[in-house]
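Undergrad: Under the heading domain 'Clp R', Swiss-Prot lists 3-144, citing sequence analysis as support. Look at Swiss-Prot and you will find 6-71 tagged as region 'Repeat 1'. The region 'Repeat 2' feature in Swiss-Prot is assigned to 80-144. Swiss-Prot lists 163-410 with the feature region 'I'. Residues annotated as ATP binding site in Swiss-Prot, with sequence analysis given as evidence: 208-215, 545-552. According to Swiss-Prot, the domain 'UVR' annotation covers 417-452, on the basis of sequence analysis. Under the heading region 'II', Swiss-Prot lists 471-662.
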């Protein structure tokens, strides 16, 4: 807060406010203490105005003590509450509107009147202060009618009327104290001052990525000029921010734009104390240059070269390269000042400097922990934007969320409101029906409810005023989780249980394959507990095994357990990448080729969903060179698409499936399933498949994968479990048509026997169920048999499948086992 702009009496008011907070044993200085401070200065305009409304110091003290009472013994430094900070800001705004250079007690009172949510506002309400009349009385006591900023500014700068209508005076705004403080940019501001002090070509251009604080440096220069922290050459200069869109707007006829811009240049040259700031400098190129007319950049070039016009530009690296560097004559007139992204430490300092402004706006307390969490989490998880902009946005949105959450009307008040509305409608209906006795009863009920509502509302407001809302790390994590979809909030008990039992959840869909399920589950738990390497994906796996043992199904089951839907994973079928050039489909077509603007199938999906399961199915079908592009994904967790954007893979689980080596196993008569030859050696199968994998893929690719898992052979018992699972799916589908189907154990055993194939794994079971159950049921339905609403029992008598159709009963009877 700018205490240097306070009058002596206003400074004493703040000192009295601090004393009152100490007297009442309160830990913060709030609006009520500011009001008590005003009453302690009886000679001030504020106290005199309040006395004219019969509000005395004793009454205010009594009301404050009644509303919030005395606190416990307080030890430590007193801080202003966000509402008190807001009042000081509003008082400065009032002083500016009244064209006063200093803030007095009267402005603080006007600020208290405008802040309608603090304890002071409730004191005014309880003492029946008419806010409108009080404000008018203050203005009358000052003997100074309010004028608009616009009129004041015009009266101060009559020598540049065109410029004033098209540009904002940053020095005036800085003098008013409404610009945010600029922290940690001393080096860049010094370099700008050095360039501005040159004799010719004294035009700095601030170049940097979006959101690193280029515009803030121009504002920092304006603040330095106001605070006399600049050399003699720049003292009393005005920094005017010119928007090229405003200059072009309304120029209907040819020559109007050039005339307007020339007039601005003449005014700047005559004034001699104007530094022009053009944000988005690249808009100069081509502005107003329709139908062969001269554009803005060519009009400004001569004045820029001679030093007659001082201009600060700001633009991004890409726009500077595309627009400014392309025009060498324009480029040489500007001196580039590189604005780099601040470090994490610098960003924390910047946010701490801005904290007062955001606390005053949102009326909450922002802790140091929340600031540090905002910087670290945004730096780690929001990779396509830059500090400090993304961290500031995170603090702003999280503060807004907390503020809205804490000030939402509670349910009990809403219920009473609805009840009042209902009773009111009933009363009106009774009056229309001329049931006056009933209407009188309803009126009494309405009055009682309204009184109850007021009491509940006052109680809620008291609770709100006594409670200091704070922004915590958890609030920051919630917002960034909403931005990115990555779960960052603290693990609650339910989620903890879910993660610890992830193996059981996956085994509900994937029968057997304990090693694969355990590896995947451990990787997910490591990531959620915050122990994974922050520079690599959550996990990368290669699943090996013959066809039909559950490799792809495990990836689907993982996607369902994490996102609630097995279609939520990003699936890339590698059989579509048999040609070498097909790799462009992953990262996007090169410049000049069709589809360059569409982006890559993989990179675009991961940019939209950075927290996902990525399945590369049947990797041995793809061209070997395709996998070179995955090397940096597996090692560093990022991939650059054809537009130069870095896509973050650090929050993905990468699963690759392969049947490599299955043919050789078949030749060796190792089918990969339990059957007649139960003595097959899993280690022999594993070694054979890994050997084939090493022959098919490069060592630098395999070395980057976290785990290579060879899936186990499926036993007969596991095949029976799979049959049961498939039958349950069929039962669910038929239940939608109101058909109840029961499949006996004998029928299931026969299906498992018919569907078992050592070469094709578990997939033939699907065909066996289609052949034995679905085909016959479909014929029964189409033959005109009314089986809807009935119970169908499927059994096997040792020779063929039997279908028994019966009426459904309340008791489910077990079918006879023949």
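Each residue, glycine too, has its Cβ placed from N, Cα and C.
I'd like to know what surrounds each of these features in this structure.
TA: For the domain 'Clp R' (3-144), the model gives a mean pLDDT of 81.
In this structure, residue 212 (ATP binding site) belongs to neither helix nor strand by DSSP; it is coil. Long-range Cβ neighbours of residue 212 (ATP binding site) (same chain, at least 6 residues apart, Cβ-Cβ under 8 Å): 339, 340, 341, 342, 386, 387, 388, 389.
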Undergrad: Check the region 'II' (471-662) against each of 6-71, 80-144, 163-410 and return whichever range has the most CB pairs under 8 Å.
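TA: It is 163-410, which has the most Cβ pairs under 8 Å.
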Undergrad: Can you tell me whether DSSP puts residue 549 (ATP binding site) in helix, strand or coil?
TA: coil
Undergrad: Work out, from DSSP, the number of helix, strand and coil residues along the region 'Repeat 1' (6-71).
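TA: In the region 'Repeat 1' (6-71), the DSSP-based counts are 44 helix, 3 strand, 19 coil.
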Undergrad: What are the DSSP helix, strand and coil residue counts for the region 'Repeat 2' (80-144)?
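TA: Final tally across the stretch: 46 helix, 2 strand, 17 coil.
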Undergrad: Grab the same-chain neighbours of the domain 'UVR' (417-452) for me: Cβ-Cβ under 8 Å, and only residues 6 or more beyond its ends, written as numbers and ranges.
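TA: Those are none; the list is empty.
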Undergrad: Quick one: give me the count of other CB atoms within 10 A of the CB of residue 549 (ATP binding site).
TA: 29
Undergrad: Work out, from DSSP, the number of helix, strand and coil residues along the domain 'UVR' (417-452).
TA: 33 helix, 0 strand, 3 coil
Undergrad: So how many other Cβ atoms are close to residue 214 (ATP binding site), meaning within 10 Å of its Cβ?
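TA: Cβ-Cβ neighbours of residue 214 (ATP binding site) within 10 Å number 25.
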Undergrad: Within 10 angstroms of the C-beta of residue 547 (ATP binding site), what count of other C-beta atoms is obtained when all protein chains are considered?
TA: 16
